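Here is the structure we will look at, set down as structure tokens.
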Amino acid sequence: MSSLRRLRSPSPTHAQRAMSMTESESSAEVRNDTFMHLFCLYVSSTNAISTLFLRFPLSSDVDECALLEDACKGGMQCINHFGGYLCLPKSAVIYISKDGEPVPMPDPVPPVPAVQLNQPQLPRTSSAGSQRITYTSQTIRCATGFTAEENNCRDIDECATGRHTCGPEQTCYNTRGSYTCQCPLGYQRSGDHCVDRDECALTHYCMHRCVNTQGSYYCECNAGHKLASNNHSCVDIDECSFSSYMCQYQCINSPGSYSCECPDGYQLQGNRLCQDINECETGTHNCQDDEMCWNYYGGFRCYPRNPCEAPYTKTSENRCICRSQTECQGLPPSIVYKYMSIQAERTVPADIFQIQATNIYANTHNTFRIKAGNEGGEFFLRRSSNVSAMLVLTKPLSGPREYVVDLEMVTHHLTMNYRSSSLLRLTVIVGPYAF
């Protein structure tokens, strides 16, 4: 039962609070035979009902509750009565009646929902002087999963006491009034056992493919994709970022894959290489009838079928001869026209073209030189033998670009002390790419 305080009112010169109940009742200041009854009822935190019946005479009294600001401590309410005052819980219900009047009975206090009450025991009564205190108590009965302890219902921990039915593979978790059995992550209950939980069959955990394992699962992605950091989503693999050699010309990434593309004038060979399209053979050129189509890496060019210019005349394919003694003085007696194609940025030094004498005479000595078209020093003519020489590329060339190089062979007739020359006009076409 909650604490009950009965204090004596202070005298005119003293503010003392504590005084026994018998002292208040035997005070000489009680002069009236008329009495007042004070009946108090309150319920404690343990659901026990307590009653307090006080009988005191009506006479002149000092109201300590009005005089003292802190008459009661701890949130208790102050109740004044003759010769003193009481400190009661604020939940107490107070009835006051005069002598001879019946004391009203309070309404029954509803029980706490989780507690069932047994039949009440016989009340215990104690009296002291002119006041009577009556106690009424009841025993509590707790719900399943709880046990009574000091007028309270305390939860039973079935997991700690071993009063559970969880299997050896399961873990017991205590709850209020009961318990629950749980399986490890990735498993589900099947009676007293734990069986694998097929996450792949229950829901779509993975973006592409789900692979179930014992107690777990993992995700796989389709070709050209990889798992994201969450291990569930799939993101595209940018194959083009792996290396610049994925494609010979241009790599085009696409969801789950990639493709290689070639520039104009080329076609894809296999998956990554670009091959030149020979427009002269396929007939996809625009050369006229009096023109010759010459294919080079990445395109084509149209050249006159008769390259000879006056005073030269054409004697055979690509050969021009000057027949006039007067007009051809100072000019090479013959010019042969040749064409060749090379890729851009070719590794140097590189042998690209060989020049060779068509007629071989005894007692002659041949020399070779670049007569024109080598102002930038891109070429070098290396003598291989008395009748041949090799044109060497000395600098990488960028394209598309056309170089016209005149290669001259000078023949010295040793016995006749005679000198003659012939010219080869080589047109070198550099493609736009290195393939």
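Glycine too: its Cβ is placed from the backbone N, Cα and C atoms.
Over in TrEMBL, the protein carries these features:
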- 1-26: region 'Disordered' (REGION)
- 9-26: compositional bias 'Low complexity' (COMPBIAS)
- 155-195: domain 'EGF-like' (DOMAIN)
- 196-235: domain 'EGF-like' (DOMAIN)
- Cys200-Cys210: disulfide bond (DISULFID)
- 236-275: domain 'EGF-like' (DOMAIN)
Item to check | Local Cβ density at Cys210 (disulfide bond) - other Cβ atoms counted within 10 Å | outcome: 19
Next on the checklist: Please count the residues of the domain 'EGF-like' (196-235) that DSSP assigns to helix (H, G, I), strand (E, B) and coil.
Outcome noted: 4 helix, 16 strand, 20 coil
Item to check | Secondary structure content, the domain 'EGF-like' (155-195) (per DSSP, counts of residues) | outcome: 4 helix, 18 strand, 19 coil
Item to check | Helix, strand and coil totals (DSSP H, G, I; E, B; other) for the domain 'EGF-like' (236-275) | outcome: 3 helix, 18 strand, 19 coil
